[in-house]
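Read the structure below first, then the notes.
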């Protein structure tokens, strides 16, 4: 039986109800956000391999609060003495996040070893009683690698976070790993290293706190 006028009943088949019609703009907005895609950092309790589409885990703590204190950008060399040349630290609340977008797999593409750059904590961050080391990995293929952080040559896992590799415009991948310390922990060791293993090859970058003062 079809409900009569004034009765609470079902909508006619094939006709969207008023509530659904009102929700269409929200549904379309949600679809646009999902299609665009955002990198979600994953907390790493141990060194592990990550690839495109790897599960993000239960951690939803954003790196915006950790790395939004200053923005990495190319320019004059104004960071600590041990910073890679061509980069500077700019104090900014804007977050530096790699965009992911739609991923395209190219099966016939040759392997490419990642270019690795290790950044020590900035002076602004140390003054705020925080210390974050950043390991940037660019131009690698395929998009699966393993990152291991070391303090004086000993692997460490506490305070490590990793982003999921994202496709670059050249069809290679980029990713970043973060090691969060206190200024006291940063100064108490002779060296910190970021070791990246990719397709049987290993790239390791090391920074010495004593050279950054």
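Positions of Cβ are set from backbone N, Cα and C atoms, glycine also.
The signal peptide annotation in Swiss-Prot covers 1-37.
Per Swiss-Prot, region 'J region' is recorded for 97-108, and the stated evidence type is similarity to another entry.
Using DSSP to sort the residues of the region 'C region' (109-213) gives these counts of helix, strand and coil: 14 helix, 55 strand, 36 coil. Under the heading region 'C region', Swiss-Prot lists 109-213, citing similarity to another entry as support.
As annotated by Swiss-Prot, domain 'Ig-like C1-type' applies to 114-208. When averaged over the domain 'Ig-like C1-type' (114-208), pLDDT in the model lands at 97.
In the structure as shown, the Cβ atom of residue 135 (disulfide bond) sits within 10 Å of 24 other Cβ atoms. Per Swiss-Prot, disulfide bond is recorded for 135-194.
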Residue 194 (disulfide bond), number of other Cβ atoms within 10 Å: 24
